[in-house]
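Inspection log for the structure reproduced underneath, given as structure tokens.
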Amino acid sequence: MLDFPNAKINLGLLVTEKRPDGFHNLESCFYPVLWCDALEIVPADAEAFTMSGLPVPGNLDNNLCLKAYRLLQQDFQLPPVHMHLHKVIPMGAGLGGGSADAAFALKQLNSLFELNLSEDQLEGYARQLGSDCAFFIRNKPVIAVEKGDVFKPVELDLSGYTCVIVYPGIHITTAEAYGNIVPKKPSCGIEMYLKQDVQVWKEVLRNDFEEALFPRYPELAGIKEQLYSAGADYASMTGSGSAVYGLFKTEPENLIFPGHYLLWEGLL
Ligand SMILES: C[C@](O)(CO)[C@H](O)COP(=O)(O)OP(=O)(O)OC[C@H]1O[C@@H](n2ccc(N)nc2=O)[C@H](O)[C@@H]1O
Ligand SMILES: Nc1ncnc2c1ncn2[C@@H]1O[C@H](COP(=O)(O)OP(=O)(O)OP(=O)(O)O)[C@@H](O)[C@H]1O
């Protein structure tokens, strides 16, 4: 198990229909990337939660790490713990950082207190914390369907690629992004597209949120264009934005995004 909660990118994201429960069905390939937070959990005399790094908006009590602890507490007599979260993954970026922390907390608590929960059981808990959360239990590339929490295996290896992720400092709320989208039934599943060469993805693999968000935030389309100009085989916004990534076969030179966070690193 990786010792840090890591982010994900979405390779294609089709929002296919609105569900009766208000959520949306989607189809997307979730791929883990090496942009990580740090979360330490140790037994303590009294419950404590501390944070460092990027400021996380909202009440401390609403932090997904604490929610994960409380969820397990409903079924198990957990001793008090001190959790410390060092936040590095930008929020409102479509990188799933909060979900990654929550899934990591479930896994850590499972091993720390020998709860013997299987990965399927952990996914069950994760689903209750957020749609993206279940993916991070196994943390392997998958095709996600339904709310993004039901998975199909995918044969995909991008290990030769460098992934550059640009975060433009724009916070996009997931609920708001879904509210601005018109679901579309695709003519063909994402799996068919992923079987083709990465260079072909540009023509066929789309993220439905781009159409709704690019006119509002033209800067995002500009970043995607810059990544292609720098030689990316494929570039896209991830999740509901605002981070945009490029996949490069050879490391690009002279990529400058003033004032932006830039991760220049590998995939998992
Ligand atoms: C955009 C993605 O990151 C793609 O991976 C995810 O679909 C977002 O998942 P998430 O951040 O875990 O989202 P949640 O915390 O479960 O839901 C936040 C809000 O997003 C909307 N939402 C989320 C997931 C989904 N499949 N349909 C939705 O309509 C709902 O309004 C929901 O109230
Ligand atoms: N541990 C946490 N880390 C980050 N955000 C958290 C955490 N716990 C709760 N939150 C809340 O969740 C919000 C966004 O979470 P997250 O980092 O998953 O954004 P995101 O990358 O846009 O998510 P997604 O990919 O699911 O759309 C934050 O603004 C914050 O209010």
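Positions of Cβ are set from backbone N, Cα and C atoms, glycine also.
Remember, predicted model here, so these are calculated numbers, not experimental data.
Counting every protein chain shown, the number of other Cβ atoms lying within 10 Å of the Cβ of Lys8 (active site) is 28. If you look up TrEMBL, you'll see Lys8 (among others) marked as active site.
The feature domain 'GHMP kinase N-terminal' is assigned by TrEMBL to 63-137.
Residues or ranges marked as ATP binding site by TrEMBL: Pro90, Met91, Gly92, Ala93, Gly94, Leu95, Gly96, Gly97, Gly98, Ser99, Ala100. Under a cutoff of 8 A between CB atoms, and with a sequence separation of 6+ in the same chain, the neighbours of Gly92 (ATP binding site) are Ile170, His171, Ile172, Thr173, Thr174, Ser242. Under the three-state DSSP scheme, Gly92 (ATP binding site) falls in the coil class.
Among the features that TrEMBL reports, active site is placed at Asp132 (among others). The DSSP secondary structure for Asp132 (active site) is coil. When other Cβ atoms within 10 Å of the Cβ of Asp132 (active site) are tallied across all protein chains shown, the result is 26.
The domain 'GHMP kinase C-terminal' annotation in TrEMBL covers 196-252.
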Just to confirm: which same-chain residues, 6+ apart in sequence, have a Cβ under 8 Å from the Cβ of Gly98 (ATP binding site)? Val56, Leu64, Met91, Gly130
List the residues of the same chain that sit at least 6 positions away from Pro90 (ATP binding site) in sequence and have their Cβ under 8 Å from its Cβ, in sequence order, or write 'none'. Leu54, Gly97, Tyr167, Gly169, Ala243, Tyr261
Integer average pLDDT (0 to 100) for the domain 'GHMP kinase C-terminal' (196-252): 96
Between the Cα atoms of Gly94 (ATP binding site) and Lys8 (active site), what distance do you get, rounded to the nearest Å? 8
Taking DSSP H, G, I as helix and E, B as strand, the domain 'GHMP kinase C-terminal' (196-252) contains 25 helix, 10 strand, 22 coil
